[in-house]
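What follows is one structure encoded as structure tokens, with my remarks underneath.
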């Protein structure tokens, strides 16, 4: 646990994996660069997690790879280590490109790559919307070995010829299920069209719906697969409950009642729309509860500041849309409340994955109106899980 990965589930994970994949029990067995190994150990890793021990060697061999594993299993480091192994830092050109669905995730990936590559003199830039284009241009013109970004800004920088693609050898799609939803699909194709024909493609995600797997055939050649069977994906250590609220109007009072009974370390409350986030934030503040909020239409600086406050524990309760749900590491979060059930059932695992990350116990509570019962049952079926009615002693579950 010292290295931030929950390994207790590793032995029980079912890997629906290509036959040619072997397991590398140590990082030394992967034959990584000495400078990279130093960075890995300095970062706090001692031995590879289940997904790392299977996927890194395949990616470093140049194979197109689909890697699927739950939150908290070290997915980000899987491709970060692989990228750092294959790039040549002597060549000051972009050699690997990582696309993520949110700005926060792209920035976090950049910081992981910089930390793991601390002894390699690696240049990695976060190329994201909502930031100063001039800064992007300056950094890209200087030369970046790795670019971690969101599809829109990356496509724009390629079109403007500031992000040069001729040396790119690897494209990573992180949280591919979200990226390949309709909103990002065209932008990914825009980026892909500019890449050299032999570019290696790596797809990483906690959930890979069948239509996404089908779509990857369009830009992957004979990919190696490291897949956890879908029914294994509900996160261990997360207790999942629902509260029947009958009507939408009753949710607010239910939330206030919960605040009175729960002593919370940190909690995230998810709503489905920006408008609902703003409305609930105002209503909670009127009732003298201290909350912060975040959604995708806030200026980037404001989002960064809110994230930093929450990471440092200065704010304890964050109300957010799904912009926050994917891959953001805040280890103190012990409670997630789905004020609204997610409209996309695949987002459910990303939301509740916020609580109990890295083996910490967590509780997820779903507010369910009469109209939501069908959606809740659909989520239970999809993940082969059971979501029980919340018991009276819920405060004990968090202690």
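The backbone N, Cα and C atoms fix where each Cβ goes, and this holds for glycine too.
Swiss-Prot tags one of the stretches 166-169, 170-173, 174-177 as motif 'DEAD box', and that stretch is 174-177. As stated in Swiss-Prot, the feature motif 'Q motif' covers range 25-53 out of the listed 25-53, 54-82. Secondary structure at residue 74 (ATP binding site), as computed by DSSP, is coil.
Packing around residue 73 (ATP binding site) is summarised by its Cβ count: 24 other Cβ atoms lie within 10 angstroms of its Cβ, all protein chains included.
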